[in-house]
Amino acid sequence: MTKGKGRNPGASGLDKHLKRKTHLERSQPKSRQHLGQLEKHKDHVLRAKKRKVKVRRLQEIKRAAAQRNPDEFNIGMTKAVMDVANGRMRQRRVRLVESDRKKDMQTTIEHNRRNVQYLEFKAQADQQRATELLNEEAAAALTSTAPQNKHIVFVNSEEEFRSFNPLKHFDVTPEMMRQHPAVRGRIRVLEKTVMPEEILMSGGHQIKSAAQKRKERREVQEKMRRSGADATPETRAAFVERLRAKKELKQYQFTDLLEEVKRESEATASSSKGAPGDDGEQEEAAAQDEVTRLLEWRREQERQAAIATARHVREVGQRIQRSKSLSALAKSIRKQSQGIKRQMEQRRESRFKPGATRRAR
């Protein structure tokens with residue numbers, strides 16, 4: 001019979017299934033909870049062992065210092081360097097083993113690859129932005145200049161050459177012919193195009209018939225006769241230019257500047273209604289004032305356009321220069337990675353060369 005323990009000597013195999021009292025470790029009292037958790041026995045044992053190791057190590061160091069031979073020599077003393085700041089000997093850099101050195105080289109190559117990709121991306125972005133700015137400036141300069149009249153049209157006979165009409169061939173008006181081909185369009189396209197309300201109200205950009213043009217010419221002649229100007233070609237050209245500027249003024253009546261000009265002109269006209277003999281002079285003075293304001297506004301627009309162009313030119317130069325710098329930096333980093341790869345390849349090949357020097361063991 002198997003001997004057991006306790007009150008049931010024959011049931012020793014069932015002792016582990018008996019219910020026993022659970023012994024709990026004491027917790028930290030509430031008055032000392034601000035100090036943290038209470039140290040348990042296993043924590044105390046671990047701390048005591050560490051303290052004994054430190055005490056033993058300090059005792060060994062003190063004993064070695066007390067028994068040190070002043071004439072003792074060690075080969076490491078020839079390479080030891082003392083740090084003047086703290087009076088301690090500087091630690092020599094630990095030489096890496098071959099596996100660690102290879103891993104560091106591979107890490108450097110991976111970092112260089114990412115840096116090269118980022119630098120090339122930024123350089124390409126700057127180059128594309130500079131190209132876009134140059135294309136915008138070129139397109140604006142192309143469409144704002146007058147045509148060079150280099151369009152050559154070939155005909156089949158002498159009769160077609162004599163009766164050739166460029167307005168009918170290109171389907172444009174004389175005013176459209178003076179514009180650049182990229183922006184002038186065609187009459188049949190403009191007839192089907194819905195213009196914005198402000199352009200329709202201003203009276204500009206509309207195709208006029210021959211009767212309307214004759215009426216305009218008669219109005220110009222009547223105004224010249226009332227103003228008493230000489231009927232010379234130069235005087236007529238200057239007068240027509242002022243009238244055109246006055247008509248163009250109507251296209252910008254939605255701006256504050258020209259609204260002010262309009263109010264001033266209306267005030268001047270209402271104050272001078274009692275002098276019917278001076279209508280021509282007053283109208284001419286008002287037109288001259290409006291033309292002057294319009295020319296000043298045009299000069300201001302040209303100045304703003306010149307400032308924007310200069311800003312674009314400066315930005316293009318800066319972006320091109322930065323793109324070159326980033327490309328040069330990426331090239332140098334790529335060259336460094338190639339050198340590291342070449343060095344790793346040489347190390348790999350030198351292991352199998354019969355005449356290669358080997359490090360003494």
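Each residue, glycine too, has its Cβ placed from N, Cα and C.
Look at Swiss-Prot and you will find 1-52 (among others) tagged as region 'Disordered'.
Residue counts for the compositional bias 'Basic residues' (17-33) under DSSP, split into helix (H, G, I), strand (E, B) and coil, are 5 helix, 0 strand, 12 coil. Feature annotation from Swiss-Prot assigns compositional bias 'Basic residues' to 17-33.
Swiss-Prot lists 37-46 (among others) with the feature compositional bias 'Basic and acidic residues'.
Swiss-Prot lists 200-235 (among others) with the feature region 'Disordered'.
What Swiss-Prot lists as compositional bias 'Basic and acidic residues' is 217-228 (among others).
The region 'Disordered' annotation in Swiss-Prot covers 262-295 (among others).
The compositional bias 'Acidic residues' annotation in Swiss-Prot covers 278-287.
Marked as region 'Disordered' by Swiss-Prot: 311-361 (among others).
Outside the compositional bias 'Basic and acidic residues' (342-352), and at least 6 residues removed from its termini, the chain residues within Cβ reach (under 8 Å) are 102, 105. Look at Swiss-Prot and you will find 342-352 (among others) tagged as compositional bias 'Basic and acidic residues'.
For the compositional bias 'Basic residues' (17-33), the residues of the chain that approach it from at least six positions outside its boundaries are 40-41, judged by C-beta separation under 8 angstroms.
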